C-alpha cells in the first residue's frame with residue numbers, strides 16, 4: 001500500500017484549533033507522512049470525495065456555531081443533495097476544541113463527526129472532545145487522542161512504522177532581512193471585511209465607572225463615515241489589538257532584531273504567506289500588529305523552543321514542559337500565573353539567543369480579532385462598552401487583557417487615532433413583529449447589545465420592553481442609568497435592577513427574574529415574548545436559566561420535566577437566545 005497524504009483541515013476562531021492542527025501537521029512530518037494543513041474555507045470541499053485520510057480539527061463558537069473560517073465548508077457539507085455514500089473512500093478523525101462552561105460543548109465537532117459518517121466516511125477513532133475547563137487544559141484530551149490516532153494510522157499503513165522519524169521541523173516561511181524598499185499605502189476600495197478592515201477614527205474614550213471603583217469600564221465611540229458599514233441591533237464589531245510599545249522593544253532586544261529593518265516573506269512547503277502583512281514589512285509592524293507575544297504560550301511553543309536549545313538545563317526544562325508527563329508542571333509555570341511568551345523568552349535566555357528569525361511566525365501565533373457587541377445604532381458611529389481586564393497573579397507585573405488594555409490606552413485628545421475594524425452579524429436577533437415583547441437580562445457590559453435593541457425598538461414605537469440590569473453598586477457601575485430612567489418615565493421600558501454589593505445579602509439578576517415570575521410568565525405564555533441573556537459565561541447564564549425554569553414551574557404549574565422541555569423549545573425556536581463570553 002502506498003504512503004498516504006494526510007490532510008489536516010481546521011476551523012478556528014481564536015487560534016486554538018489552528019495551533020492543534022499545526023501540531024498534528026508537525027507530528028505527521030516527523031513520521032515522514034506527506035501532510036497538508038489548511039483552514040477549512042481555503043480548501044475546495046468538492047475535492048473531499050477523492051481524499052483518503054483527513055483529520056478535522058474544529059472549535060465551537062458562540063452558542064454552538066461553526067468558526068468563521070469554516071462556514072462555507074459547513075454549508076456545503078450539510079446540503080441535502082449530497083449522496084449518502086459520497087465519502088466512502090475517506091478515513092477520517094475529528095478533534096473538537098471546546099469549553100464545557102458553555103451549554104453546547106463541542107457541538108460543531110459532534111455534528112461534523114455525525115455528518116461525515118452519514119456521508120459514508122469511516123472514523124478512525126471516536127471524536128475527541130477537548131475541554132478548556134480541564135485543570136490541564138485541552139491537552140488532557142488531545143495527548144491520548146493523538147496517540148490513538150497514530151496507532152490507527154500505522155495500523156492502516158503498516159509500512160509507516162518502519163520509517164525512522166525526523167527530529168526537527170523546517171520553518172514554514174522564510175524572513176529575508178534586511179530590505180530597504182518603501183511601503184505603499186493601500187486605499188480602501190473594496191467592501192469592509194476581516195481582510196479589508198475600515199480605519200475608523202476614535203471619537204471618544206470615556207471611563208463610565210466611578211474613579212474609586214476597582215473596574216475600569218470604557219464607553220468608546222468610533223466614526224465610520226464613508227465606510228458603507230451597515231449594522232443592526234445584536235451585531236458585533238471586530239478589531240485586532242496591537243502590542244504595547246514596551247513589549248515590541250523588549251522582543252526586538254531579546255531576539256537582537258532592528259525594529260526598523262525591512263524584510264520580505266516567502267513560503268516554504270505549502271504554507272501561505274499572511275495576506276495582511278505588507279510586502280516588504282518592518283520588524284516593528286510584524287511584532288506590533290501580528291505576533292501575539294503577550295499570549296500565554298501553548299505546549300507547541302515549548303516543543304519548538306526545545307529544538308533550538310543547546311544549554312542543557314534549559315533544554316531539559318523545555319522538553320519537560322513539552323512532554324505529556326510535564327503538563328501539570330507547565331500549567332503551574334505558565335497557565336496559573338498567566339506568564340506570557342515574552343516572559344518565557346526572558347526565562348530561557350540561552351535558547352532565545354539561539355532562535356532563528358525564520359521561525360518567529362511558527363513560534364508565535366497571530367493576534368486574533370476581538371469582538372464587541374455594538375452598543376448603539378447612531379448613524380455613522382459605532383459605540384462599544386469595554387471592561388478593561390487587569391488583575392494580579394504571582395508575577396511581579398500585573399496582567400492585562402491585550403485588547404481592552406490597548407483600547408484603554410488610546411486617547412483621541414493626544415492626536416487622531418484610527419482603529420481598523422469590521423462588523424459581522426451577532427448571535428442575537430430581535431423580533432420583527434411589532435407586538436412581540438422582549439425580556440432582556442444583561443448584567444454588567446452584557447447590557448451593550450440591549451442598548452442597541454432598545455434604541456431600535458423604541459424608535460419603531462415598540463414599548464413592550466423589559467430589562468434586567470445588574471452590577472455591583474448603583475453609584476459606581478450603573479451603565480447608561482439616565483437613559484434607562486428616561487425610557488422608564490416615558491413608558492417605553494420596564495426596568496429591574498440588582499446591585500449585588502449595596503446590601504449585606506448579595507442580589508443578582510437571577511433573583512430579580514424569580515421575584516417577577518408573574519409578569520414574565522404572562523409575557524411568555526400569553527404574548528409569546530422573546531427572552532435574551534447576555535454577559536459573562538461563568539455562572540450567570542445557567543443561573544438565569546434555572547430562574548426562568550422556576551418561573552415556569554411556579555406560575556405555569558409545570559413539572560420539572562415540562563419546564564425543561566419548554567425551556568429547550570424556546571431555545572430551539574429562537575425565543576430564548578444568549579450571547580455570552582468567558
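Our numbering is plain: 1 for the first residue shown, then up by one each step along the chain.
Note that Cβ sites are derived from N, Cα and C of the backbone, with glycine treated the same way.
So that you can see what the record holds, here are the features copied from TrEMBL:
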{"type": "DOMAIN", "residues": "6-150", "note": "domain 'Flavodoxin-like'"}
{"type": "BINDING", "residues": "12-17, 59-62, 97-106, 132", "note": "FMN binding site"}
{"type": "DOMAIN", "residues": "195-431", "note": "domain 'FAD-binding FR-type'"}
{"type": "BINDING", "residues": "338, 370, 371, 372, 373, 401, 402, 403, 404, 581", "note": "FAD binding site"}
{"type": "BINDING", "residues": "445, 500, 501, 506, 507, 508, 509, 510", "note": "NADP(+) binding site"}
Practice task
Summarise the model's confidence over the domain 'Flavodoxin-like' (6-150) as a mean pLDDT value.
Solution key: 91
Exercise for the section: Taking the residues 445, 500, 501, 506, 507, 508, 509, 510, which the record names as binding NADP(+), find the longest CA to CA distance and state it in Å to the nearest whole number. Expected result: 19
Fill in the blank from the handout: Taking all protein chains shown into account, the Cβ-based neighbour count within 10 Å for residue 402 (FAD binding site) is 22
Practice task
Write down the Cα-Cα distance for residue 373 (FAD binding site) and residue 500 (NADP(+) binding site), rounded and given in Å.
Solution key: 24
Completion exercise
Expressed in Å to no decimal places, the gap between the Cα atoms of residue 501 (NADP(+) binding site) and residue 402 (FAD binding site) is 29
Completion exercise
By Cα geometry, the one of the binding-site residues (12, 105, 445) nearest residue 404 (FAD binding site) is 445
Fill in the blank from the handout: Secondary structure of the domain 'Flavodoxin-like' (6-150) by DSSP, residue by residue, totals 58 helix, 35 strand, 52 coil
Fill in the blank from the handout: Students should find that the Cβ of residue 373 (FAD binding site) has, within 10 Å, a number of other Cβ atoms equal to 27
Practice task
Write out the long-range same-chain contacts of residue 15 (FMN binding site), meaning residues 6 or more apart in sequence whose Cβ is under 8 Å from its Cβ.
Solution key: 292, 365, 366, 368
